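First, the structure itself, so that you have it in front of you.
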Amino acid sequence: MQKTISMPNVNLPQSEQRSSALKPIGLGLLIAAAYFIAIPLVFGANGYLLNVFTTMAAVSFISFGVWLTFAIGRINLAQAGFALIGAYVTAILVSRLGVSFWICLPLSGAVAALLGGLIGWPVLRLKGVYFAMITLCITEACRLTALSFPALTRGAQGIVDLPLPGELSLFGLTIIPAFEKGARLPFFYLAGTLMLLGLGFMWLLDTSRVGAVFRSLRQNEDLASSLGINVAKYRVVAFMVSCFYAGVGGAFFATLQQNVYPTTFQVLDSVYFMVYCFVGGLEFVIGPLVGALVMMSSFELLHEFQRYQTVIFSGLMILCILLMPNGILSVVKRSGKPEEATNA
Amino acid sequence: MTQVMLNALVVGTTYALIALGITIIFSIMKVVNFAHGQLYMIGGFVVYYFNVVFGLPFWFGLVMSFLIVGLLGVAMELFLFRPVMLRVKREEVTMLLAMGTAVFLESLALIVFGEKQRGVPPIATGIVELFGARLPTGRIVVIVVAAMLIAALMAFIGYTKTGRALRAMAQDREATALQGVNLKWLSAMGFGLGTGLAGLSGGLLVAIFAVHTGAGTAISIKAFLMIMIGGAGVLSGAILGGFVLGFLESVGYALLPGSLTFLIIFLIVICFLIVRPNGIMGKPWG
C-alpha cells in the first residue's frame, strides 16, 4: 500500500539518481583517503593540528544530526543539550561503574535518542520560530539540570580525570588496542571513522524512501499526511536519529577531553552546529562537513589575532551569510551547471 | 509574600519592556531577534558610560541608550537583514543572521567594555514601606518609569499614524504598501524601535542590577520564554508574558535554590506549550 505512493519530488529524477550514485560514493572514498592517509602524512607530526582535525570531524558528525532536522523543516537548537546528555552518560558510567568506553559510546547515543523521543514527541508539534526557541530552552535546561543535581553530575565542578578508552576485544581477539596517554592518532582515527559512518548513513537515509518522506514533511506536513504518511512518527524518528548523533558525539568529546562540565556544550555550540549546516548548504548531505571545515579552519587561521579572534570570526560569518545566503555549495553548484529543480 | 509580589512587579514591568521590543520586531519583520539580549547589554553599558564615566545625569544616559541602540537596530535592518531577506531561499537564514550578530556584538562588547561587572550609583535613596513590605525607592522609580514607557508605547502604536502603519504592516505588507505607506522607512524604524526598547530596558535595569558583557544570552532566553508564554507577535501577550515570567522567577527564587528555578520554569513552559502551542494570546502563525 505504502509502496505505491509516489512522492511529488522523487518521481522526477529517478533514473538520474541511480546513474549518479557512483559520484557520491567516489566522493566519500576521496574524503576517506584525504582524511585517513593524506592528513596524517602531512600533519602527522603536528599534534595541535591533528587535534583540530579530530575536533572538526567530531563536530561535523554532531552537525549531521542538525542537518537531518533541517531536512524535516525544523530548526534544531537542542543539539548541544543532547550532546551534553551523551557526554554525562559516558562520564558517569565510565567513572562510577567502570563500564568500557566502547559500550558507553553507542549507549550514550541510545540514551540521548530515547530522551529525544520523549521530549520530541510533544515538542515537535511546534513549528518555525517556536520550535527554534523551545529547543534553545532545552539546551539551557540541560545545562541547568547538570548544575542542579550535583549528587549525580558533581555540579559545576564537573566530572574530571576520565580514563582513556581501553582495548576493544571480541572473543579474545583485540580489535582496537587501548589508547595510550598523550597519543593523538587513535582519537583522530576514531573521529574520522565516526564522521564517515555518520555521513554514509545520512546519505543512505537521504536517498532512500524515508529521505523523500522527510523532505515531504518540510514542504507540507498536511499534504504528506493526506498521502497516508504518519507525520508524527516520521518527525520523531528524524529527531531521535539527530539526538543519537548528538549523544555519540558528546560521549566522544567527553572522552577526548577526559572531562565534562555543564558548560561543555551550551547554547553557543548549538548555534555553531547550525551555522556549519547553513554555511555548507542545507540541500546537500555533505553540507555540515564542508561548513565545519571552512568555519573551523578559518577560526584557527584567525588564531594570531588573539582576543580579536571571535569578533573577526563572527564578522566573517555575517559576511558569509550576506554574500552567500544559500550556502557555499549552492554557489559551487550554480557555477557548475544551471540551477536544477531543487527540492527546496 | 507581599515582598515577593512586589519584586515580581519590579521584574515584570522591565521584562515586559524587553518582550515588547522583541515582539515589535517579530511582528513586522517575522524575524526573531536573537541579538536582543546583547542589545539590552549594550543599553546598560551606554548608561554606565554616560553616568559614571562621563559624569552626566542618569536620565540623559537613559535617553541616549534608547537612541544609540535604536540607531544600531536601524543599521542592522538596513545593512544586514534587508539585503539577506531579499535573496534567501529559506527564512531560517535571517534567524542565523541574528545569531551571528549576537555573537559579533557580544565579542565586540567584550573588547570594548571589558569583563568587569558595571553598575551605576543608586538613582534614588531611601526605602518605602508598601503593604507591609519594604522596597528601595530606586526600584519604585524603575517600576513607574517602565510602566509609563509601556503606556506611552501602547499609545504610540494604538493612536498615532505611524503606529497604525506599523500595525498594518504587521498584518499585510503588500496591502500596506498599496495604501501609500513607505515600507522601507517604516520597517527600519520599527526595527529601530524594537532594539531601542531593548537598550532602554537595559539602561533602566542597570540602576538595579549591574550589567556585564556576558548577560546577553540569558536575557535573550528570558525574552523567548516571555513571548512563548504570551504569544509571539501580540503586544498584549508580550506584556502578559513579561509579568508571568517575572512572577514565576520571583516566587522561584524565594522558595528554591538558584539554578533549579529556571529548570522548573523551562519545564512549565514546555508543558504549557503542549497545551497551547501559540501562547496565551497568540494566533497561529504559518
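Each Cβ is built from the backbone N, Cα and C atoms, and glycine gets one as well.
Bear in mind that TrEMBL entries carry predicted annotations, made automatically and left uncurated.
So TrEMBL lists the following for this protein:
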type	residues	note
TRANSMEM	A:21-43	transmembrane segment
TRANSMEM	A:49-70	transmembrane segment
TRANSMEM	A:77-94	transmembrane segment
TRANSMEM	A:100-121	transmembrane segment
TRANSMEM	A:128-152	transmembrane segment
TRANSMEM	A:187-205	transmembrane segment
TRANSMEM	A:236-253	transmembrane segment
TRANSMEM	A:273-296	transmembrane segment
TRANSMEM	A:308-328	transmembrane segment
Pairs 6 or more apart in sequence, C-beta under 8 angstroms, 3 or more of them: is that satisfied by the transmembrane segment (A:21-43) and the transmembrane segment (A:77-94)?
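Contact between the transmembrane segment (A:77-94) and the transmembrane segment (A:21-43): absent, because fewer than 3 Cβ pairs are under 8 Å.
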May I ask you to check whether the transmembrane segment (A:187-205) and the transmembrane segment (A:308-328) make contact, with contact taken as at least three Cβ pairs under 8 Å and only pairs 6 or more apart in sequence counted?
no
I need to check the long-range neighbours of the transmembrane segment (A:49-70): which residues 6 or more away from its ends have a CB within less than 8 Å of a CB in the stretch?
35, 39-40, 43, 76, 79, 83, 184-185, 187-188, 191-192, 194-195, 198-199, 202, 205, 214, 218, 238-239, 241-246, 248-250, 252-253, 256, 272-274, 276-277, 282, 285, 287-289, 291-293, 296-297, 300
Please work out which recorded stretch in A:77-94, A:236-253, A:273-296, A:308-328 has the most C-beta pairs separated by under 8 angstroms from the transmembrane segment (A:100-121)?
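The stretch I would name here is A:236-253.
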Report, as numbers and ranges, which residues of the same chain sit near the transmembrane segment (A:308-328): CB under 8 Å and 6 or more residues beyond its ends.
275, 278-284, 287, 290-291, 294-295, 298-299, 302
Against which stretches of its own chain does the transmembrane segment (A:236-253) lie, if we need a Cβ under 8 Å and a gap of at least six residues from its ends?
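Distant contacts of the transmembrane segment (A:236-253): 58-59, 61-62, 64-66, 68-69, 71-72, 74, 76, 78-90, 104-106, 108-117, 120-121, 124, 190-191, 194, 198, 205, 210, 214, 217, 264-265.
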Quick test of the contact rule: Cβ under 8 Å, at least six residues beyond the ends. What residues does that give for the transmembrane segment (A:273-296)?
24, 27, 31, 52, 55-56, 59-60, 62-67, 70-71, 75-77, 79-80, 195, 199, 202-203, 206, 313, 317, 320-321, 326-330, 333, 342-344
